[in-house]
Amino acid sequence: MSSANSIKVVARFRPQNKVELESGGKPIVSFDGEDTCTVASKEAQGSFTFDRVFDMGCKQQDIFDFSIRSTVDDILNGYNGTVFAYGQTGAGKSYTMMGTNIDDDEGRGIIPRIVEQIFASIMSSPGTIEYTVRVSYMEIYMERIRDLLAPQNDNLPVHEEKNRGVYVKGLLEIYVSSVQEVYEVMRRGGNARAVAATNMNQESSRSHSIFVITITQKNVETGSAKSGQLFLVDLAGSEKVGKTGASGQTLEEAKKINKSLSALGMVINALTDGKSSHIPYRDSKLTRILQESLGGNSRTTLIINCSPSSYNDAETLGTLRFGMRAKSIKNKAKVNAELSPAELKSLLKKAQGQVTNFESYISSLEGEIQMWRAGEAVPKERWATPLTTDAVARTKADARTSTRPSTPSLISDSRSETPAISDRAGTPSLPLDKDEREEFLRRENELQDQISEKESQAASAEKQLRETKEELAYLKDHDSKVGKENEKLTTEVNEFKMQLERLTFESKEAQITMDALKEANSELTTELDEVKQQLLDVKMSAKESGAALDEKEKRKAEKMAKMMAGFDLGGEVFSENERHIAETIEKVDSLHELSATGDNIAPDEFKALKARLVETQGIVRQAELSMYSTSSSESDSRRRQELEARLEAVQAEYEEILTRNLGPEDIEEVKARLENAFANRQTAQSQFVEELKEDIAQKAAENTRMKTLIEDLQQRVKAGATAPMANGKTIQQQIAEFDVMKKSLMRDLQNRCERVVELEISLDETREQYNNVLRSSNNRAQQKKMAFLERNLEQLTQVQRQLVEQNSALKKEVAIAERKLIARNERIQSLESLLQDSQEKMAAANHKYVQLAAVKERLELAKAGSTRGLNSPGGFSFANAGSRIAKPLRGGGGGNDAPSIPTIQNLQGQNEGNTSSGSSSKRASWFFTKS
């Protein structure tokens, strides 16, 4: 079941690209046949022979038909297969493997054509064979295995077990049932692959990609099963930094790529030189994964992609030499098959027969040995017949066949990480015992897991370190900005503080000024109250003085009435005199007119005229009296002024005595002053009495004179009566003069009477005051009591002043304390409001944190679901369609009644039918469906 075969090597040359043409590159490759090419470069010249050589004008279909179609048939027959694409960067490896577009019939590459060929072969196979197809997609980037279908798994470990061989632990495998599903997997994985632009390739692959297709087939009639695994490897190209211009991360990627390719070359050299006892598969994860493809259980095809230009002649020669070395590798491929029950029964019968033969042979040998040990000689004819060499060899071969571990099938284990691989045939290995090898593999797997874990931790630590450095740089920049802003704000704050201090100082000054104004206002208010009280007192005293003045005026009026009554010259008499004089003048005029006309005058009229003349005589007497009083009015006024001055002096002395505290030594002085004043007043009054007597004598003389004058006037009137015409006007004039004189005399008389009355009243008041002073000066006990009360009053006044000052000071302190209390309350309120705002902000932040944590958890779940499921836009989802549920495919070539291959449309139709019927979402296999 195993066969030794060499690696198939195919060379492909691409046309010159734009970079090579611009650099002056020329073709240096010539093709001598379908399998030979000749290179003529400056460094070396020579011919290279491979299984097939394709020139620059070859098509994708030609390469597939010659190189790959047979590999697909081998996979379906139960062999393992591998297809390599090797070459320098930009040589066309990805184009060869994937093509320009997987939906383009002409431009698509090897992998899409392999997929179509696999499903076409399944459809053309007998209907008794059931197939399951699984795919996985990974890349080796920076010596880390990354699952392209679950990109979050970026550091998967490589394990090796006795029954499973080498596999990648944790690699996602997806069951597919149609070409479109495989294409969707390829698209998703290709989008996640690491690429970058270099000077030689705008889309240079920065990793080795490995697309694995595992096909398991089972004959439903006989129960036999076979499995095949196909590795489709797109290697990253070797690079020269001088040509690619790689730098930074691209340069690090180039280093890792060249290192892994060097490890691949070392493995090929060790396999082909025939001298190496150790094959360095573990030097690189690429060679570790492809261990069975290089000298193991696999049929391998190597496609070397080369440039025909002289610009890359060194790289082309290196690639061709690599292909020549790889062509010398010998693989031992065998079918990965599981025996059917009938075959197992046949093997069991053979084993049972062999066991019977061995048991009889062992028993005969044991009997012979016992006889020999007993010292007996066994006859030669009784010796045990030895088994023939062919029989022994056949028995050993059968034993190896029977003890060969079978390839695990998906029927028994549908959740295996990678397909099982049977024992490798002839792969160089360490000379270890069976138990030691198992322990070594177990220990190696543990170490690989630890290495992967440590690498993941190191990668995460490096990532955190980069993020921390970026954050540190950002924080430094932010810190510098914040420092500058802080300095600016500090300057502004200092300015604001100065302004605040200035405003505070001004506020304090204004407050002090306001307090001073308040104090002044309070003092003025107090003074105003005192003035109001004084005004009230003055009003009261004014009322009292007004009452006294009214009383004085009343007394004055009474005395004036009495004095004027003695003269009997009231206003009514005076008016009557005027009336009589006027009537007399009129009567004289009328008599004169009668006498002029010659009429007779009656005697009665003369009598009446006589009476009126007598009255006129009295009026003339009064006029003379008034004239006399006018002559003495000046002396009266001078005397009145002297009396008023003396009265004012006495009142001033009296007020001084009242305002001054009288002591015992002042009483005699007061008495002397009062005696002097009283003596002076008596002298003045006696003088005034003498003057009044003289005035009375003068008045009597004047009265006599006036009487004489009246008599004279009466005589003149009589004479005038006899001659009225001559003296008529003279009388009228005299009457008018008398009238004026009368008025002036009456005014002077009234004024004199008023002065006399006022002097009498002042004299009475002075007497009363004098008597009061005498009474008060005689009471020494009252004076002592008054002095004691005054001293107490002064002490009480001082105490009251101190209390008022203390009260004002306490009021100020209370006001200050109230201000401080108000400010403290305002501060407490502001702090409480700030605390409430802070609590609200903290609650909002906690709420936002909870929401953010929930969103983060949902995002992680969504990422996990998207990476694990890889939902396709066409309605196919790896998760929803059951990517890890086996999808058996029945061959379609057995008859017309064979079921068709499940496709996306069929899956969608089944899902819709299940949804509408309300049945379980678990899809049933058509293997159990009866037509």
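Note that Cβ sites are derived from N, Cα and C of the backbone, with glycine treated the same way.
Bear in mind that the values here come from a model prediction, so they are computed numbers and not experimental data.
Lifted from Swiss-Prot, the feature list:
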type	residues	note
BINDING	87-94, 237-244	ATP binding site
COILED	342-864	coiled coil
COMPBIAS	402-419	compositional bias 'Polar residues'
COMPBIAS	432-456	compositional bias 'Basic and acidic residues'
COMPBIAS	902-931	compositional bias 'Polar residues'
DOMAIN	6-329	domain 'Kinesin motor'
REGION	388-465	region 'Disordered'
REGION	886-931	region 'Disordered'
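Structure coloured by features recorded in Swiss-Prot.
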{"residue": "G87", "record": "ATP binding site", "CB count, 10 Å": "28"}
{"residue": "T89", "record": "ATP binding site", "CB count, 10 Å": "24"}
{"residue": "A91", "record": "ATP binding site", "CB count, 10 Å": "27"}
{"residue": "K93", "record": "ATP binding site", "CB count, 10 Å": "27"}
{"residue": "G237", "record": "ATP binding site", "CB count, 10 Å": "29"}
{"residue": "E239", "record": "ATP binding site", "CB count, 10 Å": "26"}
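DSSP classifies G87 (ATP binding site) as strand under the three-state reduction.
Taken as a whole, the coiled coil (342-864) shows an average pLDDT of 73 in this prediction.
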